Amino acid sequence: MAAACIFCKIIKGEIPSMKLFESDKTLAFLDINPLSYGHSLIIPKHHGAKLTDIPDDSLLEILQVTKKLAAASGVENYNILQNNGRAAHQEVDHVHFHMIPKPNQEEGLGISWPMKKGDTDTLKKLQEELRSKM
């Protein structure tokens, strides 16, 4: 754990949270600045700034907890959001997943991004490059 990390402090109990789930690998709690009713955060107890820093077994449990939390919330529509790096809007350098209920068009996460037409040759080259590294 990182001493200055707000999420590590929540995990250690130094900062209070409204816990929804806790295990040896995962903590889920309500977001104190929710985008909608039920907006929750699901975090690994292993400190890592980016998704690639987190052990696979922790990620597996996070997704299982996220699924259960989405079901428990009773909402039909929701977003699961996870950002990596400042340019991608990550504000806390500890991996975290948002489960954001989307009850209507006014509440929850608003998403808009410019779509670009992909060039088939460029996409095929990228496909080969990425597949060779996996």
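We number each residue from 1, going along the chain as drawn.
A Cβ is built for glycine as well, from the same backbone N, Cα and C atoms used for every other residue.
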Which residue range, 9-13, 84-88, 94-98, is the one TrEMBL calls motif 'Histidine triad motif'? 94-98
Take every residue in the domain 'HIT' (6-109), average their pLDDT values, and give the whole-number result. 96
For the motif 'Histidine triad motif' (94-98), what are the same-chain contacts with Cβ under 8 Å, counting residues 6+ beyond its ends? 2, 5-8, 31, 39-44, 47-51, 53-54, 62, 66, 79-82, 84, 109
HIS96 (active site, tele-AMP-histidine intermediate) falls, by DSSP collapsed to helix, strand or coil, into coil
Sort out the sequence-distant neighbours of HIS96 (active site, tele-AMP-histidine intermediate) for me: same chain, 6+ apart, CB within less than 8 Å of its CB, listed by position. PHE7, LEU41, ILE42, ILE43, GLN82
